[in-house]
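Here is what TrEMBL records for this protein:
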DOMAIN    84-164  domain 'Cadherin'
DOMAIN    165-273  domain 'Cadherin'
DOMAIN    274-392  domain 'Cadherin'
DOMAIN    389-493  domain 'Cadherin'
DOMAIN    493-615  domain 'Cadherin'
TRANSMEM  620-639  transmembrane segment
Amino acid sequence: MWTSGRMSNAKNLLGLGISLYFWGLMDLTTTVLSGSARPLTGGQEDNLSDKLHQRMKRSWVWNQFFVLEEYTGTDPLYVGKLHSDMDRGDGSIKYILSGEGAGIVFTIDDTTGDIHAIQRLDREERSQYTLRAQALDRRTGRPMEPESEFIIKIQDINDNEPKFLDGPYIASVPEMSPVGTSVIQVTATDADDPTYGNSARVVYSILQGQPYFSVDSRTGLIRTALMNMDREAKEYYEVIIQAKDMGGQLGGLAGTTTVNITLSDVNDNPPRFPQKHYQMSVLESAPVSSTVGRVVAKDLDEGINAEMKYSLVDGDGLDVFDINTDPNYQVGIITVRKPLSYESKKSYTLKVEGANPHLEMRFLNLGPFRDTTTVHISVEDVDEPPVFEPSFYFVEVPEDVEIGTTIQIISAKDPDVTNNSIRYSIDRSSDPGRFFYVDITSGALMTARPLDREDVSWHNITVLAVELNNPSQVGSVSVTVKVLDVNDNAPEFARFYEAFVCENAKAGQLIQTVSAIDRDDPQEGQHFYYSLAPEADNNPNFTLRDNQDNTAWILTRRSGFRQHEQNTFYLPILISDNGRPVLSSTGTLTVHVCSCDNDGMVMSCNAEAYVLPVSLSRGALIAILACIFVLLVLVLLILSMRRQRKQPYIIDEEENIHENIVRYDDEGGGEEDTEAFDIAAMWNPREAQLVVKNRQDMLPEIESLSRYVPQACVMDNNVHNYVLAKLYEADMDLWAPPFDSLQTYMFEGNGSVAESLSSLQSVTTDSDQSYDYLTDWGPRFKKLAEMYGATDSSGALW
């Protein structure tokens, strides 16, 4: 029979070790309840008399011990005692303990059955242990009773304070919130046993943060406790919350956490301009969209509540200036909307409004959420470039206009008050052919070269205007010149025409259709007229029919053509256009007589095919090649002679130009010298057109263009047009002297026996420099050798 006991705790297990002999001593396999014995039930007592003489298994049940946690004594903690009825106290019974924590946490005295805890117990780590007990015969090791299982439970004490596992907390609440607005709920947990006393009963309180916030003692919900809390006055709050167990009673354990609360912004502050008047200035040359200045309205709010919208609400510059809002810095940027002119208006006044676009209805009573300021803008004068009126020119000019004709007057003026004088010129990059010239003072645009619509039909030139007192101020204007067509090109065949006529051709047979082209472009369209040239009017072989559609047919007039009589005919055809004046040209149609078959298919057009051999001999081929070679040599010789005649004077390499002295004994003839230039042309240009002297120093490869100068210009003594014509003549004459000469000296002393005369690598003193080598350089350096060479006592060089 098992018994257990614990002498502590007011001897509550006293009597458990008393043997229950009223059940008999036949079977000692009774179980014992830890700390208390449980007797038989009432039904079992009623049948007790029937069972006194029967062998029965005892029904004692024992299964648990209790021990307090966190024992701090130095001796092992006594848990309880195990005892078997078979133990006579002589030490013959050995008690064994096994299971959870046996031998590590709990030990048993194998003789007395006393159980002790040898380690500190913590209910929060483990609340109970399950063990097994057995009594053995110490001598034989035979079990005296079956193994029994029991539980040791750890009783809780208040040894854990409440803890905020999620702290510290961060929360926010809108500013100006009403009292009682929920902010955040905090929660503290207590590791003690909630079913045992008040160890785990937590109560919340606020240690720091009053009077702004409060906390619910039971739920831990934090609320606002003060009305009209203003973020602009104070934005951040640090609230300390305490959680205390034992229901907040004295002696309870407590834990704290920090709650950082931020007041979020609401639009409760209207914008205000820090100054009511702004003074700005802008140059009149400021381009459109350039910045004039910035204005800013201060708003104590932030984020979307501080966004601004700027606009111009009044002033005399609403159509000249504009204002935009910078979304990053919430400033108003005033920009130029139209070009400014100091001469037209020197100052402007604007009224600028700044407003919040996002409003909250509950704070409208704090408004108005807009403000205005006045901006004065002064326009500063700058030296502006000349301005053309109009800003674009379109000119139509016939292509046969004479050189020097004024085709347009270009006009520009200085927009400044000073109104400086203007000088005109042409941007040569826009007129590389130099077809035009502009008068420097009047702006008259004139032709400087003949125009040809068929070569260049449109000219886009740029005329520049420069202030006389400030050349850095340059204005420009585009001038588009359309060259109008005149009938200056005769029609001609569209291609080379070559026709064939069969020997068996009949009279009136079509052998060729011809067409023409004309480089001109008349407004009424092109129409060509065809006829045989006057010398071929009575041609007995062919006739021509004009189709009146810019084409003509060539027909045979007779039959009976024979190759051996004449194998080729040349038919001149006169082509005329419908222009004014009428221009015409003569084209030649080559007609070959061919032998054809019955179907009219050409078989052979070579009349000499019957008499010439099929192939040439080797000697004939050699003779032909020799003739071709001789002709090539002659051509090369002629070209070489022509080049030598036109090349400028070249100095002989062997001749030193510095040693040549050319003496001129004759004087210039002055005005009487008319060989090189006729001065009379400058005094009487009309006479110069009639009598033109050829220059004596060159062949006249181009005629003077002075005849193109209009007589009106000559009568007005306009020498300028004459100079333009002569300039054109000089530009077109590539062989007229003087010639430009470019000589490049890349090496010093190259080709001289003395080599380089440079002193860069010479010694610095004359004492250690020997000039004896000068005697070896020949007669040219004899004088230097006498001056610098060493001499002996006799005066001879050595």
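Using the three backbone atoms N, Cα and C, a Cβ is placed for every residue, glycine included.
Bear in mind that TrEMBL entries carry predicted annotations, made automatically and left uncurated.
If you take every residue in the domain 'Cadherin' (389-493) and average the pLDDT, you get 90. Sequence-remote contacts of a segment are chain residues at least 6 beyond its ends whose Cβ falls under 8 Å from one of its Cβ atoms, and the transmembrane segment (620-639) has none. Here the domain 'Cadherin' (84-164) has, by DSSP, the following mix of helix, strand and coil residues: 0 helix, 36 strand, 45 coil. Across the domain 'Cadherin' (274-392), DSSP helix (H, G, I), strand (E, B) and coil residues number 10 helix, 55 strand, 54 coil.
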